[in-house]
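A quick write-up on the structure given underneath.
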Ligand SMILES: NC(=O)C1=CN([C@@H]2O[C@H](COP(=O)(O)OP(=O)(O)OC[C@H]3O[C@@H](n4cnc5c(N)ncnc54)[C@H](OP(=O)(O)O)[C@@H]3O)[C@@H](O)[C@H]2O)C=CC1
Ligand SMILES: O=C1O[C@H](COP(=O)(O)O)[C@@H](O)[C@H](O)[C@H]1O
């Protein structure tokens, strides 16, 4: 059931509204919701940044964002979105003067409800660099803008275990937990949500979801994309921080979780975040391979001697009874041979059947685009003899009647209706940082060089033995 937009007017304050994420994802997501009739009747978008801007300049940002990153549906809403925008310089923690934002918000309340103290849902979306989360949280508090709002934090929520804990403390000094939405957009993908729907709705799939039936879990996100557009950000981050402790761990939790006590959204989120406490801390010597793509140090914005990883592959262990002994193989990297986002359950099978070698048996979930579910299975080769071969059953989720929402539109809509199922929790993130922490210490392996367009360093092959990486083998 799609939650109907409430009559309560909405003000979305988009911090960092001229930035890459806002233009690429958040503004198109808002336009998609507008086009689908999923926004309340009365609403406004307030862009903010560190500088003053004429509203017409912000309208240009919105126009360019939809022209470059929108689709037909979101572009259809352009004129309407342009009528709903305003711009204010952002509040600052150091400044006694709050600037124009508090007054602009009061004016909007009056405009939307007829009353300067009228009831409006105010959402602050922090699409700013992670190091600005703490000062901006304090600034909202200092200038009286924190009460009663909902606040969205982008990933990464902290860039180390220490900065995560500091951020968590500051956020809880200012907000109640139910005001806070921490985004990880991989959880918003339609196909990621199908991992638990397929598992809990279908006994055939759900019954095979354990160490007795699964030999390996692979969560593989190779990207052909480079980092030229975001070199400075990337060189301060790297693949492991950008993707592993965030998206890949969350998807691993989505696979590894125990069935929730009830199939309600709160229970589902609790089950997903609980299992992260069972992720065994990574062993950087045995179970981690880092890589750096050739030519990376020559990119403008990257240090000449940068030690940053553009590739990471890990073998992780989940210490629950369900998964004991089953390796979770997580891999991602830039400028690799192909782009994919695939979760694979490599199914156990006998080596031989009637004297024939048994081929691969796998359940695959592609998270890319609309998503796809595939069953790769050994079958009899049609013909007079009993020979074995492999066949694939495919279900493209785009072929299922319905209208999927892009991840950011879906998650923004969840914030609007207050559905917290697909957002991360402090306990889950704390556990994720604990499992990841050894990779930040002295045992961190040196990134190995790999060629552009390859599958990454050869050394990572050993992690996936005996079956091998499903993609690229
Ligand atoms: N870009 C992407 O694809 C993704 C980004 N993210 C996350 O989204 C957030 C924003 O990323 P992205 O848009 O790429 O980053 P940008 O570097 O483009 O920064 C966004 C905006 O933040 C403002 N800003 C920059 N520095 C500061 C600062 N010190 N204090 C306050 N505001 C500042 C700038 O606006 P102005 O100059 O107008 O003040 C800038 O346009 C990050 O946390 C990132 O990790 C998450 C997933 C994907
Ligand atoms: O958060 C991030 O995700 C993207 C991949 O996301 P998708 O939109 O292609 O699903 C990744 O390229 C980027 O480095 C990372 O910051």
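Every residue gets a Cβ built from N, Cα and C, even glycine.
Please treat TrEMBL annotations as automatic predictions, because they have not gone through curation.
Some features that TrEMBL has for this protein:
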DOMAIN    13-194  domain 'Glucose-6-phosphate dehydrogenase NAD-binding'
BINDING   50, 155  NADP(+) binding site
BINDING   185, 189, 223, 242, 334  substrate binding site
DOMAIN    197-468  domain 'Glucose-6-phosphate dehydrogenase C-terminal'
ACT_SITE  247  active site, proton acceptor
Integer mean pLDDT for the domain 'Glucose-6-phosphate dehydrogenase NAD-binding' (13-194): 95
When distances run from the Cα of the residue listed as 'active site, proton acceptor' to each of the binding-site residues 50, 189, 223, the nearest one: 189
Neighbourhood of residue 185 (substrate binding site), C-beta criterion under 8 angstroms, separation at least six: 25, 155, 247, 407, 408, 411
Greatest C-beta neighbour count within 10 angstroms, which of the recorded positions 155, 247: 247
Alpha-carbon distance [residue 242 (substrate binding site); residue 50 (NADP(+) binding site)] in Å: 25
Least Cβ-crowded entry, counting other Cβ within 10 Å, from the binding-site residues listed as 50, 189, 334: 50
Least Cβ-crowded entry, counting other Cβ within 10 Å, from the binding-site residues listed as 223, 242: 223
Largest CA-to-CA spread of substrate binders 185, 189, 223, 242, 334, angstrom: 20
Listed binding-site residues with Cβ under 6 Å from ligand 1, out of 50, 155, 223: 50, 155
